[in-house]
Amino acid sequence: MNTSTSTFVRTEMLPQQAPPITEAGAVKWLRENLFSSVLNTILTILGVAAVAYLVMHIAPWLSRSVWNANTLSECRQIITERYGEGATGACWAVIRERWPQYLFGFYPSHLYWRPVLAFVLLCVAVAPVLFDKLPRKMLWFSLVYPAVGFWLLWGGSVWVPVMALAGFAIGYAAARIVKPLAGTIIATIAAVLAPVLWWLFLAGPAADAMQSILPVALQAVRSREFGGFVLAFTIGFTGIAFSLPLGIMLALGRQSDMFIVNKLSVGFIEFIRGVPLITLLFTASLLLNYFLPPGTDFDIILRVIIMVVLFAAAYIAEVVRGGLAALPRGQYEAADALGLDYWKAQRLIIMPQALKISIPGIVSTFIGLFKDTTLVVFVGLLDPLKGITDAVRASTDWKGIYWEPYIFVGTIFFVFCFAMSRYSMYLEGKLKTDHR
Amino acid sequence: MKQSVFLGTLAATTLFAGVALAQGTSTLETVKARGELNCGVNTGLVGFAAPDASGNWQGFDVALCKAVAGAIFGDASKVVYIPTTSSDRFEQLTSGKIDFLIRNTTWTFSRDTDLKMDFVGVNYYDGQGFMVRKDLGVSSAKELNGATICIQTGTTTELNLADYFKANNMTYTAVPIETNAEGEQQYLAGACDAYTTDASGLAATRAAFADPENHIILPEIISKEPLGPAVRHGDSAWGDVIRWTMNALIAAEEFGITSANIDELATSSQNPEVQRLLGTSGELGKMIGLEADWAKNAIKASGNYGEIFAATIGESTPIGLARGLNAQWTQGGLLYTPPFR
């Protein structure tokens, strides 16, 4: 029966309609992210109000910046002339005038090229450690860099750092010579003992002797002439470079079955972590003076660096121990099954995994260490944040300036800490092997 | 290998440790042998000690360092300025890191006796005062009952304040602050009605405000703060050098010896005491263990006491301090040096 041709089924497509306004574009995003509920709406409004309040108060101050003036009163005068009576503005002229002091402290001005060169070489030395695409041969320079950096910063005879480096060669040679004669354990002891004896008793006279034969020397710069960011970077980067290996050794020591090694590591870590860094710094700067023979001039920056390294190493040790604890037991057993000895197992199987897990914690410790370098102000060293700033404020020209130096120094610290943080994220991404 | 890296750093440190000086010699001998004077100064206090843009230290206290170096070496530049904080200054002195301390340190009984220091004189008579905003309508510290007061913690000023309010049967609320710069900020932000510290510091602080005319320093001085150089207990010969160098600067002002006319007076003065002071006659230098022209070189370093005062903290500087108690005794002040005889 062929009746009506009318049908309930459409034969042609309707034209597409735009989605409802609440389900697309900016409105959707706003609704979903900012106004999804009453509470969220209130929070959004409060948040925007807070940001607006801050910007309204800071932006005019920042926009009225003065870069060219020689005193604070000159700054104020310029701001008054430009923006009328009662206007306030930022006086960055203090940074401009005291720029060398913030960077170099009291480092002799004709030698500024030395810390600059040391910094450039530091970048070269660090690059192959950070990025594995660079030629591996560059690592040799990284190993030598501490001596080069030391010589550039402190100056003096070139033979001092050379003889210090020679200690490592001596240790290596001692191990190679003794091993076939007396076995691994004796060779390890020789590798440690020979350089220590060399450094303690022979390196100094040897350096003097070489200096008299072939004098190569830079003008010596004393530690108390260091200041500002040169000081912060010197302490910070040395601390970072030395605290990681020491921290790993301590973590392994704490995991060790050997009674004395274990207890010494535990005692050291718990003691250092239980004491504020300032206490250690005061100990380094004041208490040691009473123990050392009178007149001994044990370099203050070196003392501070040692304390900072010990402090950071104790934290690193615990971070790395966390990484070690996270490894399944099977990894250790697999290493044993392959017949690897302890050090090979650590180097090839355990540490690569444990360190990968520990990266965020390690980098946090490094960032903390870098920022803690400002604490050296309490032992009379001129750190950039407070030491140099107080010194700048103490001149009649700049007395009364408050926020600008803090903002400037804070910005520089932020740049470096943020870079460290981003690098650690890059590294985590690169080393990621699981499929979570 | 990693372990040896650590041991290496420890051992390498000994490489750079300096030569131990023989023990038991007097400070003067040690300083002469070293060829430099280690002078403990403030890390930065306006007018008293501050480095300029090129790192040269200047100020009222620094001038005494230069004078002492001039007296010992005949060369005022042979000074190493060691910045000391208020918490480590005494340890720096007792442990021998500095030869003497000139860091606006108040001479008190306990510091002189208990802390085993010897104050050798007073180079600046200070006292604690108050600064308030003009619109507070206060003209005397006695009217500060119930006020909030910004005060640096851990200083003698904190104790003085408590004493003063107790003695006058008044109350106050303390706003503790850490540094002078922070105190200024708190005061300017209205966190406290009054700011109290040494009068010299108040003057410097007020001078640095954008609107100094809206702030007044109250007339009351509530404490005695004799600031002076200190040396270690038990080395009187060294204390003498500092004391008499300072006295030489004061005497020079009294006798009208300035850095401009000193060479002329050294040869032409008929005053026997000036002659003795400048080493033209007598053997004062030998008695104190220095060259005959020690005082002359000390005065030449930055001028006599009055010249130093005028150049660093005096009325022509932004700090603008009047001489007040620090005038010569002939002018109604307290500066009175024993005779050079």
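Note: Cβ is positioned from N, Cα and C throughout, glycine not excepted.
Curation plays no part in TrEMBL annotations; they are all automatic predictions.
Per TrEMBL, domain 'ABC transmembrane type-1' is recorded for A:229-424.
Look at TrEMBL and you will find A:38-59 (among others) tagged as transmembrane segment.
What TrEMBL lists as transmembrane segment is A:111-131 (among others). Listed by sequence, the residues of this chain that lie at least six past the ends of the transmembrane segment (A:111-131) yet keep a Cβ under 8 A from its Cβ atoms are 100, 103-104, 138-139, 141-142, 145, 148-149, 152-153, 155, 218-219, 221, 230, 233, 237, 423.
The annotation transmembrane segment is assigned in TrEMBL to A:138-154 (among others).
Sequence annotations record features per position, and here TrEMBL assigns transmembrane segment to A:185-206 (among others).
Taken from TrEMBL, the feature transmembrane segment applies to A:226-252 (among others). Proximity of distant same-chain residues to the transmembrane segment (A:226-252), defined by a Cβ-Cβ separation under 8 Å and at least 6 residues beyond the stretch ends, is recorded for 101-107, 115, 119, 122, 146, 153, 265, 268-269, 301, 304-305, 308-321, 324, 346, 351, 355, 362, 365-366, 369-370, 373-374, 376, 381-384, 387-388, 412.
If one looks beyond the transmembrane segment (A:264-288) by at least 6 residues along the same chain, the residues whose Cβ comes under 8 Å of a Cβ in the stretch are 250, 253-254, 256, 298, 300, 303-304, 306-308, 310-311, 313-315, 317-318, 372, 375-376, 378-380. Feature annotation from TrEMBL assigns transmembrane segment to A:264-288 (among others).
Residues or ranges marked as transmembrane segment in TrEMBL: A:300-320 (among others). Residues 223-224, 226, 231, 234-235, 238-240, 242-244, 246-248, 250-251, 253-254, 265, 268-269, 272-273, 277, 280-281, 283-285, 288, 354-355, 358, 361-362, 364-366, 368-369, 372-373, 376, 379-381 of the same chain lie 6+ residues outside the transmembrane segment (A:300-320) yet bring a C-beta within less than 8 angstroms of a C-beta in it.
The annotation transmembrane segment is assigned in TrEMBL to A:357-381 (among others).
If one looks beyond the transmembrane segment (A:401-420) by at least 6 residues along the same chain, the residues whose Cβ comes under 8 Å of a Cβ in the stretch are 72, 90-92, 94-95, 102, 229, 363, 366-367, 370-371, 384-385, 388-389, 392-393. Annotated transmembrane segment per TrEMBL: A:401-420 (among others), in sequence order.
Long-range contacts of the transmembrane segment (A:185-206) within its own chain (CB-CB distance under 8 A, at least 6 residues past either end) are made by residues 159-160, 163-164, 166-168, 170-175, 177-179.
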